[in-house]
Amino acid sequence: MHRHPLIGYLATGGTISSTSAGTGTGVVPSLTAAQLIDSAGFDDNRFDVIAEQAAQLPSASFTFDTLRTLDRRARAMVDRGVDAVVVTQGTDSLEETAFFFDLTWDSPVPVVFTGAMRNPDETGADGARNLRSAILVGGDPSSAGRGPLVVVNDRIHAAGLVRKAHTSAVDAFVSDGAGPVGEVVEDRPSYYSVPARRPALPIGGQDARIAVYRSTLGDSDDILRHIADGPYDGLVVEGFGGGHVAEWQVPAITGICSRMPVILTSRTGGGRVLESTYGFAGSEIDLTARGVIPAGHLNGLQARMLLWVLLSRGAGPDDIRGAFSTR
Ligand code: ASP
């Protein structure tokens, strides 16, 4: 007998589940996994769904423990034979969860993330449609082996490229420099391209605290000195332009490099950091000569996540440098 695709669904809260108690105090995560699945409108039972409530949070309050929980529960669903895992979460930190899975997921079973920009109380709410499209993507055999995906506004994005780029629009998610890898039309996904992925690095058991410092015009080295003395295991610098900091910050960064990995990204949010063009104090050549590790095309959030995954595995300096030099 032909069986329906089996979808493992993990609900975690976010706008897609947020309704108001009618007291004028704003919407909060409340709809359950079962209610959300019902809203996706599959009256024809074309999918079998195992629905689980993995959390009920605004996604700004996700932690690395939340990511570990999602990783464990998604893997347990694969062990139960699902054809895809679909995760709904708040859009605020969705790109970080999706990138975490892009780094760590080593199964051909697709993991598809979605959420909503408009809550279910709003006219034109997009959550039910996004969940429907995410399930359609996950349940289609053409999605297997493509790595984790993000489906929002009927666009399919590679989890390694996607970013939230608007506070409220339904097309808030973009894949800079590449565009979506596919789209959902008339209830069917179709793909234009295959996302490039680095080999998966399943998470390890250690924890790590990673600071992010964003360069701003005229800033002193106070924040960096605070980080140097703080409880951190790593630092990501979102430098100016091609990967630059103010010259008076170089001694502080050099000191931090002797204590923990320091990763260089660009605050521009697009393009690779440079490695061999500028020679002034605080330039990419100066910083890398002092031990700073350039992050290639990864933005600050992505670099922080990769460093966290590496440190969770107990990676040493050579492994860290090697992982960031993968193109
Ligand atoms: N605005 C958010 C959302 O899209 C709230 C959150 O991230 O939980 O779901």
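Cβ atoms here come from the backbone N, Cα and C positions, even for glycine.
Of the residues S59, S133, S142, TrEMBL puts just one in the substrate site with T91, D92: S59. In this structure, S59 is the one among the recorded positions T15, S59, T91 with the smallest number of other Cβ atoms inside 10 Å of its Cβ.
Summarising the environment of D92 (substrate binding site), the number of other Cβ atoms within 10 Å of its Cβ, over all protein chains shown, is 17. Computed over the domain 'Asparaginase/glutaminase C-terminal' (209-324), the whole-number mean pLDDT of the model equals 97. Across the structure, S59 (substrate binding site) and T15 (active site, O-isoaspartyl threonine intermediate) are spaced 9 Å apart at their Cα atoms. The DSSP breakdown of the domain 'Asparaginase/glutaminase C-terminal' (209-324), given as helix, strand and coil counts, is 46 helix, 20 strand, 50 coil.
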